[in-house]
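> I am attaching a structure below and will ask some questions about it afterwards.
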Amino acid sequence: MSILEISNLSLSFGGVKALQDVSFRVPENTITTIIGPNGAGKTSLFNCISGFYKPQQGNIRYQGQPLPGSIKPPRRAALGLARTFQNIALFRGMTVLDNIKLGAHVHMKSGLLSALAYFGPARREETAVRQEVEERIIDFLEIDHIRRQPVASLPYGLQKRVELARALAMKPQVLMLDEPVAGMNREEKEDMARFILDIREEWGITVLMVEHDMGMVMDISDHIAVLNFGQVITEGVPADVQNNPEVIKAYLGNSDIDSLRRKLNPEGEVA
Amino acid sequence: MDWLFFGEISLAGLAMGGLYALIALGFVIIYKATRVINFAIGEIMMFAAYLFLAFAGGMELSPWIALPLAVIGGSILGGVIEKTMIRPMLGESPISVVMVTIGIGSILVGLVEFIWTADPQLLPSFLPREPVFIGPLYLAPKIAYGFLIGSALLIIYLLYFRFSRGGVALRATASDQAAAYSMGINVRRVFNMAWVFGSLAASLAGVLVAATGGLSPQFGIIGLSVLVVVIVGGLDSILGALVAGVFIGWLETVAGAYLGGEYRMPATFLVLAVILVIRPYGLFGTHEIERV
Amino acid sequence: MFRNILKKGRRLAGLGSLVAALTMAAPVMAQDKEPVVFGGSIPLSGVFAFAGIHIHAGLTDYTNWINSQGGINGHPVEYVMEDTAYEVDRSVAAFKKISGSSSPATYYGDSTGFMKAIASELNSQGNTLMSGASFATALTDNEQYPYQFIPGPNYSQMFGIILEYIATQGEGGDMPTVAFVYSDTEFGKDPIENGKARAGELGIDVVEEIVTKPGSVDVSAEVLKLRRVRPDYVVFHGYVLSPINEFMVQMRQMGLDTQFMGTFWSSDKLIIDKMGADADGYMGVMPYNYYDSEESGPMLDALRAQAEKSDPEAGYRPTGYMQGWFNAMVWTEVVKRTLDAGKELTGDNMAESLASIEDWDTGGIIGIPVTVRNMSFPVGRIWRVNAEEGRYEPVSDWIHLD
Amino acid sequence: MRIGDAKQSYEADEAIWTSSTQKLWLGFFLLILMVFPFAVDSYLLYLGCLVGIAVISTTGLNILTGFTGLISLGQAGFMGVGAYTVAWLSINTGLPFPITLVLAGLMAAAVGILVGLPSLRVKGLYLAIATLAASVFLHFIFAEWEPVTGGMGGLSLEPAHLFGLTFQSDFMMYFIIVPLAVLMVLAARNVFRTRIGRAFIAIRDRDISAEILGINLLRYKLMSFALSSFYAGVAGGLFAYFYRVVTPESFPLSMSIFYLAAVIVGGMGNLLGGILGAAFMTLVPEALKLLTAALTPFYPNAPVFMSPMLEIIFGGLIVGFLIFEPHGLAEIWHRIRRFFRLWPFRN
């Protein structure tokens, strides 16, 4: 069954139509990827799902329940929708550890008074979160050596990983990753791909991803939706999408088909 | 109700509002081009007024020579402030930049006290003293002539921004800095120019206001009224500055006349609070779309 | 502008005695008796500096003069002060510092705010008598402020004197009308209620009350209001200069023949200096003779001689100077009376000595003998600006309220 | 030279004072605070109390401006609310000071929440202007609501009291102010160990991504306003007990700017910075006074220039720190400490 169902979504800014009648489904416990050229509306779609943009039309169903515009981003986070950002959105003034702990925010309850005293519930809760973050996330993502460092001082690849860690701390049902490997070197990409696969396998989390790196997309996705000019042009398993002429056209217009095949086909890249 | 009285009060308020509009215009020019909210605008006005005092009172120049000198002095001050204290803050958070302007205000107050002491001062009177009647309505001559001079500059400004090259550069920078830069506009120069022009308007208004109300290092408090004007009108709207300037000037005066002087500030700040709640970007300001 | 710096330098230059005060130089005469200390929180800088500098000069010159006369009963006088910039917290700090190091018998406070803030400390210490720049009516409450007095009439009493003068100006049983214009400050609002009550008793109609911010404001709307009621007199209170000038100029431009009056701090020569010919006819209530008045008396002559000696080039000395001098004179009298009675210089004893002052001859500083009532000297005279001469001239007799 | 400490449990690792050296220094510092009032004259004692009050208020403003990124020009107004609350309560109810101070804080917090409400719609500088409007209204209320506030003349109150003890002198007040300041700084420190403090910082750094992490912006902005004005209210209450007179003129706009300056100079978003900034800014006028006194024998006009110099120094410190040392005195302090920690082994 689908954990996330997008139907007939339309969004426009002034005269610009960012999304037109977009519909697709994210099957539960899959890695679903949205691809499409720049400006196709991928990030706008993410923003609609996380509640930043209010679509003018259409609706989103999450775990079978509608997600109307009245449900604001914080509430959506609490419901289990986590995401990372295209251009890293970590809190630069904080350490890695604090950034990750922030992810656990919605699952914590302690109030202001006990926080002021740092006694009783607040203390227990903070210690518990720390333990969980350490044992489940920091170890898993292999970032224990940098936990005390301010994120601003970290290299790009590690920052992306910290952002992933923060999203995991939200204990999401659906993890939305906006270009998780952009700007990484091959080794970092491979690490990230492995983490994403593990997240689906071991944690049982549905992953919804926007990514340009076709090698990785074709490698790890279970399901792909292709977006162009704000419209879904096709949807399906990687192999189908790869050979869909619509997709090929959308990507490169009418230019060199071979280079395009190479780009869409991971094997081609290896060859 | 005494309509004649109301008419006279309103007229006085509108004339004062004209000067507010001029100051607000200076404020908006700076904000539009550089996105800096200038809390020191009242102090820049004050400084120019003291310059006028020095030229006309101390050096005994003719007021009509002293006035342009003081205004030029004030605009140079604006340019210097931009170059030395605002430019290093380029790219910092708007909050930090605002606090820099608060600091600049404090420095200017200190400088003025240092040079001219904290004693209250009167500017040499240079405007005609014959009462002005508009129909049956009396208007204090200083205010009337102040309004005329202020409006003249205001019109020159509006024409300049509409038609001159510099004005186009300024407007281009205001609407999209990056695009203006790529079009070959020297954005840094535009920033500096905005401060110079903004301070020029404030300086002229400063001398005119001080000429009617007297001068002391606390003069800069008028910046608060201007702040109300630009928030109500919309920080980035010239039309807003003009409309709100005249309106706030009128409201302040009418509230003062009918309720008492202690109600002037609360009355205008009440309008400010209402605007903040119902139209946070001002009557004519643009609502900026947040980008994720 | 640099001329201004130089000019400002001049204001203090001749008063080299400042150095003596700040460094607590030894008194003039070598005496083995313990010195009596006059302390002071003095606004040498900040918004009240225009008066503070002269207050300081008055206190310094008086100290030097009394020491040249042999001190008080042989005790030399020491004047110890700190600059406060007219900020309450710094005035308090100065008081703590000075009272910690030199236990002053008397103390000059620079503002009503300070006098109120320090009252609890003063009352619990109980060994200093205080007066200063404030003529606040509240301070004459002996319950709350037993050790603080007013070196002249309080603001309400000043209004009383002004109103009494106005009452005598009615012609043919026609009482003049009056409008009060005051600043939206504690200072400004101080005498208004009492002033209205007093006007009622005298049968004077208060036709308008106008509150403004102090300092630089546009008052044309307020002037229009006064134009409607056409008061015979406008009494200003709570201002130093602006917007008094603007009211006067604009109302005269309208052809009104209103008379303008003001209280102590609005009756300095500053008004004449800054307004020039426009100041002509302005009237103020003043409990002391102006420095350049034609009056004389042993103490007034001594004051002039001492002022001349300390800064021969200064010429005219403003009211702040007279006020500083008079404060110190009262302190001396109080200390002398207390010592004469063989008592210690405690707050209670000095307050008692102060209350005992009756028909006291001030040697020409005040034109008639004065009696202390409720810790104040309710006496004053109406003076009027003669712009051509550049000075205030008396237009009434001395008025002593009961 | 210090070597990293190995921790046995996560709880121990979460502690504030993680090494014994730190604990030693802390103990030493507290001891100095204890001994201070017995060792100094009334003038220094007075300054000590002033610094204590300033530390509380600056810490409060730091929570709002430094940690949550919401600039406020209303701090003096909030302090006024606290001061008037204490004055009114002590005149009309005679409650002991711990209760009046808490109520002062709560009252100020309530007003703070009210002022923060526009943050539902406006942010950043617009919010700053809302706080400015609040301070105008508060001043108006202080001045005009005569039956409660005593109008322009203000209120005079009795000394703080508890269990028959009367806190009249500065010496006695010191023992209310300074422990309270220590306590409140520690409490603030605690907040920043928990999710609430992290949420504040997240809002400051990137409010949009904070929202996606499930942080309700309005709720936490209001909480920050409430907490910050609670601190201001308590500081104002102490101010009332300290001077025992409260007037509308006691809390001018320049006071709000003073506290902003203290936060900036100390270091925005750094509690230690708040303390350093509060102490530094309170003592600058006194230092300047010493300087003028020293200069006077050579240059008799020196005192005339003190107040202008002070204005210039205040403004210059704000501008200078923002341009050259945006992390404030706290950063300078850390540099000094790093230097000595490694000393003499490295440079």
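Each Cβ is built from the backbone N, Cα and C atoms, and glycine gets one as well.
Features from TrEMBL:
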TRANSMEM  D:21-39  transmembrane segment
TRANSMEM  D:45-64  transmembrane segment
TRANSMEM  D:71-91  transmembrane segment
TRANSMEM  D:97-117  transmembrane segment
TRANSMEM  D:124-142  transmembrane segment
TRANSMEM  D:171-192  transmembrane segment
TRANSMEM  D:222-243  transmembrane segment
TRANSMEM  D:255-280  transmembrane segment
TRANSMEM  D:312-333  transmembrane segment
> How about long-range neighbours of the transmembrane segment (D:171-192): same chain, 6 or more residues beyond its ends, C-beta under 8 Å?
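Hits for the transmembrane segment (D:171-192): 16, 30, 33, 36-37, 45, 48-49, 52-53, 55-56, 59, 62-63, 67, 97, 101, 160, 165, 198, 200-201, 227, 231, 234, 238, 241-242, 271, 274-275.
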> Ranking D:21-39, D:45-64, D:71-91, D:124-142, D:312-333 by Cβ pairs under 8 Å to the transmembrane segment (D:97-117), which is first?
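Ranking D:21-39, D:45-64, D:71-91, D:124-142, D:312-333 by Cβ pairs under 8 Å to the transmembrane segment (D:97-117) puts D:71-91 first.
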> With Cβ-Cβ distances below 8 Å as the criterion, list the same-chain residues six or more beyond the ends of the transmembrane segment (D:124-142) that contact it, or say none.
70-74, 76-78, 80-81, 84, 111, 114-116, 118, 149, 247-248, 251, 253, 256
> Taking 3+ C-beta pairs under 8 angstroms (sequence gap of 6 or more) as contact, is the transmembrane segment (D:45-64) in contact with the transmembrane segment (D:312-333)?
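Checked: the transmembrane segment (D:45-64) vs the transmembrane segment (D:312-333), no contact.
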> Return the stretch with the most CB pairs under 8 A relative to the transmembrane segment (D:312-333), choosing among D:71-91, D:222-243, D:255-280.
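Top-ranked stretch among D:71-91, D:222-243, D:255-280: D:255-280.
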> Same chain, outside the transmembrane segment (D:71-91) by at least 6, Cβ under 8 Å from its Cβ: which residues?
57, 60-61, 64-65, 97, 99-101, 103-105, 107-108, 111-112, 115, 124-125, 127-129, 131-132, 134-135, 138-139, 142, 148-149, 154-158, 160, 225, 228-229, 232-237, 239-241, 246, 248, 250-257, 259-260
> Using a Cβ cut-off of under 8 Å, list the residues of the same chain at least 6 residues beyond the transmembrane segment (D:255-280) that approach it.
51, 54-55, 57-59, 61-62, 65-67, 71-77, 79, 135, 185, 188-189, 192, 201, 204, 314, 317-318, 321-322, 326-331, 333
